[in-house]
Amino acid sequence: MAWKVSVDVDTCIGDAICASLCPDVFEMGDDGKAHPVVETTDLDCAQEAAEACPVGAITLEEA
């Protein structure tokens with residue numbers, strides 16, 4: 001199943017756990033916030049990263 005990945009940069013606190021858990025999907029931007037590097041993914045790590053985000057800034061929707 002493919003997932004559409006988004007990060008609410010207003011909510012993101014720059015913890016970087018998502019980029020550590022799933023570097024193929026998330027990267028840290030120059031603004032210190034997480035940003036998806038792909039629009040959709042089927043990687044399980046994206047869900048793991050969303051669950052690990054301490055502020056719930058990551059949203060996954062069925063693509």
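Note: Cβ is positioned from N, Cα and C throughout, glycine not excepted.
Swiss-Prot lists a disulfide bond between CYS45 and one candidate from CYS18, CYS22; that candidate is CYS22. The average pLDDT for the domain '4Fe-4S ferredoxin-type' (3-31) in the predicted structure is 98. Annotated [4Fe-4S] cluster site CYS12, ASP15, CYS18, CYS53; additional same-chain residues within 8 Å of its Cβ mean position, judged by their own Cβ, are VAL7, ILE13, GLY14, ALA16, ILE17, PHE26, ALA34, ALA49, ALA52, PRO54, VAL55, ALA57, ILE58.
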